[in-house]
Amino acid sequence: MINPELRDGRADGFIHRIVPKLIQNWKIGLMCFLSIIITTVCIIMIATWSKHAKPVACSGDWLGVRDKCFYFSDDTRNWTASKIFCSLQKAELAQIDTQEDMEFLKRYAGTDMHWIGLSRKQGDSWKWTNGTTFNGWFEIIGNGSFAFLSADGVHSSRGFIDIKWICSKPKYFL
């Protein structure tokens, strides 16, 4: 008969208890190591991609300023029809977020009036066509419900008059 005790006095079952724990710890260690490697590779890839990201040029009749493309119509329509036109171009009536945008739009629009993407219901605050509330950083002159840009600033009117319009959409990065 074989003696189940080893020379140091421990039972043979000791090895059967320790080996599975060693294998389990080894697997956990390997998984942690692989997780660190995968995370590091992802961070490096994202950082490299971000450095090489370039804005796509605005196409056709669209003009690029900063991170936006603008379209100035030659045709005239009411505010709602202008909004629909912009939507069909995957754009919105122009949203003016900065003084730089405002100066560019006024300079390019010249003396013509152009619908922009601000409207309000009677007694409500002004909202952009994307649903965000206008923060009031420029004055809107008049008591109408639809905003338009002219050479001397932003005015409001009833939306049924036919004037030119400006669409805007973001430049997309690749």
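Just so it is clear, glycine is given a Cβ too, placed from its N, Cα and C backbone atoms.
Swiss-Prot annotations:
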TOPO_DOM  1-27  topological domain 'Cytoplasmic'
TRANSMEM  28-48  transmembrane segment
DISULFID  Cys58-Cys69  disulfide bond
DOMAIN    65-174  domain 'C-type lectin'
DISULFID  Cys86-Cys167  disulfide bond
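Cys86 (disulfide bond) falls within a helix when secondary structure is assigned with DSSP. Proximity of Cys86 (disulfide bond) to non-local residues of its own chain (separation of 6 or more, Cβ distance below 8 Å) is seen for Tyr71, Glu92, Leu93, Gly117, Thr129, Trp165, Cys167, Ser168, given in sequence order. Neighbour counts were taken as the number of other C-beta atoms within 10 angstroms of each residue's C-beta; across the disulfide-bonded residues Cys58, Cys69, Cys167, the minimum falls on Cys58.
According to DSSP, Cys58 (disulfide bond) is assigned to coil rather than to any helix or strand. With DSSP states grouped into helix (H, G, I), strand (E, B) and coil, the domain 'C-type lectin' (65-174) comes out at 21 helix, 39 strand, 50 coil.
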